[in-house]
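Now, the feature entries from Swiss-Prot:
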| type | residues | note |
| --- | --- | --- |
| BINDING | G169, D170, R171, Q172, C173, G174, K175, T176 | ATP binding site |
| SITE | S373 | site 'Required for activity' |
Amino acid sequence: MQLNPSEISELIKSRIQGLEASADVRNQGTVISVTDGIVRIHGLSDVMQGEMLEFPGNTFGLALNLERDSVGAVILGEYEHISEGDIVKTTGRILEVPVGPELVGRVVDALGNPIDGKGPVNAKLTDAIEKIAPGVIWRKSVSQPVQTGIKSIDAMVPIGRGQRELIIGDRQCGKTAVALDAIINQKGKDLICIYVAIGQKASSIMNVVRKLEETGAMEYTIVVAASASDSAAMQYLAPYAGCTMGEYFRDRGQDALIIYDDLTKQAWAYRQISLLLRRPPGREAYPGDVFYLHSRLLERAARVSEEYVEKFTNGEVKGKSGSLTALPVIETQAGDVTAFVPTNVISITDGQIFLETDLFNAGIRPAINAGVSVSRVGGAAQTKVVKKLSGGIRTDLAQYRELAAFAQFASDLDEATRKQLERGRRVTELLKQPQYQPLQVWELAVSLYAANNGYLDDLDVKQVLPFEKGLRDNLKTSHADLIKRIEDTKDLSKDDEGALRSAIEAFKKSGAY
């Protein structure tokens with residue numbers, strides 16, 4: 001077969017046009033210095049803020065400081081093998097973590113790697129840990145409750161799906177206990193929970209996981225752990241990783257609850273990284289953007305509209321709104337809520353639950369100070385029956401606290417004042433609750449009804465809790481239909497109220513407590 005010259009040139013041209021050059025264009029730089037997990041790199045001219053960088057030994061870092069002559073990066077993991085002169089490559093990728101239902105029931109680190117010894121996660125999707133929160137147009141007002149099962153919270157500081165409610169208090173006053181009770185109470189309520197442990201002892205995290213397994217709560221919970229022995233970078237990233245895992249469910253029309261325990265430790269880790277990167281320190285040596293550190297995280301918790309979910313899923317999920325509820329925890333020093341990080345987070349969130357050491361030591365547990373605890377949006381999400389019955393409790397407690405302060409100085413009190421003080425003591429006793437024993441809506445309603453209608457007034461203070469427990473047990477055995485109606489309707493009709501009154505009076509007469 002002979003080819004003429006024109007055919008040969010055409011053939012060569014077509015071959016040249018069809019040639020595919022697979023050159024991997026990557027920017028390279030050199031390590032100048034390594035100090036405490038912070039690396040300075042020279043020669044990376046084309047690098048993004050927050051981009052992943054590849055170091056020798058399959059180690060990755062995060063570019064945080066972009067300067068004229070060098071890049072400051074934080075190493076994710078071990079950095080002992082990295083030395084001056086090592087080659088660093090850009091990856092062109094922002095840090096991502098695995099997301100999806102495969103993570104439920106697992107314990108993972110801040111990068112989504114399993115650390116529970118149960119094998120690989122096998123998640124099909126990954127997502128960026130830094131994302132922009134949904135805009136105002138895509139949000140819906142909070143209207144559905146998150147029942148924590150804790151009497152004082154559900155009655156006086158209600159939490160709604162899509163809300164950000166801060167839990168704040170000194171160390172060892174029950175902040176984690178409140179958060180765990182909220183998770184345990186979500187059994188059968190179609191709410192995925194994410195518990196992010198930041199800077200805690202590994203043994204404490206293990207105890208939390210064990211308790212969640214014992215109560216069957218791990219079936220719908222993801223635990224993201226960055227313990228005290230992990231690097232500052234891991235403690236800084238863990239909340240964002242947990243938030244991304246929660247957003248997967250929110251954006252697909254499901255409900256999720258995330259607990260950050262605690263954000264004070266994250267702020268400390270970020271302060272450490274910032275100071276090592278030579279960023280200028282401000283108040284309490286925190287960097288200037290520590291407010292933005294927490295605001296961009298907590299703004300991602302939201303109730304999103306049906307249109308947002310439909311648009312996000314390309315029409316696969318219709319008519320369903322999703323939510324991500326955040327319960328950030330902040331640790332104060334000697335009750336000082338005017339410190340930098342506590343005031344920042346108080347201003348970002350939709351309310352706060354104050355826990356006080358004095359109340360805790362006095363045996364009032366959970367040690368919630370109802371006077372200064374507020375929920376700015378949760379009232380709209382409260383169930384009808386609890387909303388109807390809880391108003392009186394808040395008033396009784398407020399008046400009791402005011403009168404108790406004056407009663408210390410007064411020797412003779414009039415009858416009305418003494419009655420008010422006695423009622424307040426019994427309500428305070430009623431709101432005590434053991435850990436890991438969350439209550440259903442009907443149980444809370446019955447307790448509130450008994451307190452509001454004076455059934456506790458003639459009891460001795462020590463009899464209040466036995467009476468409450470005995471009453472609940474009695475209703476379970478003798479009035480199951482009444483319980484079912486309250487649970488189904490989340491309301492107390494006139495007929496049901498009459499039946500409940502008769503049941504309480506009959507139980508009180510029997511004296512079986």
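Glycine residues also receive a Cβ, built from the backbone N, Cα and C atoms like all the rest.
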Tertiary neighbours of Q172 (ATP binding site) (same chain, Cβ under 8 Å, six or more apart): T357, F360
Distant-in-sequence Cβ neighbours of C173 (ATP binding site), under 8 Å, six or more positions away: L355, E356, T357, F360, A367
Which same-chain residues, if any, lie at least 6 apart from R171 (ATP binding site) yet have Cβ under 8 Å of it: E331
CB within-chain contacts under 8 A for T176 (ATP binding site), separation at least 6: V208, D261, V329
Spatial separation of S373 (site 'Required for activity') from K175 (ATP binding site) - C-alpha basis, Å: 14
Other same-chain residues whose Cβ falls within 8 Å of the Cβ centroid of G169, D170, R171, Q172, C173, G174, K175, T176, the recorded ATP site, in sequence order: E331, L355, T357, F360, A367
Around the Cβ of K175 (ATP binding site), the count of other Cβ atoms that are within 10 Å: 25
Residue with minimal Cβ packing [other Cβ atoms within 10 Å] among the binding-site residues G169, G174: G174
Separation of alpha carbons, S373 (site 'Required for activity') and G169 (ATP binding site) (Å): 11
Inter-residue C-alpha distance, D170 (ATP binding site) and S373 (site 'Required for activity') (nearest angstrom): 15
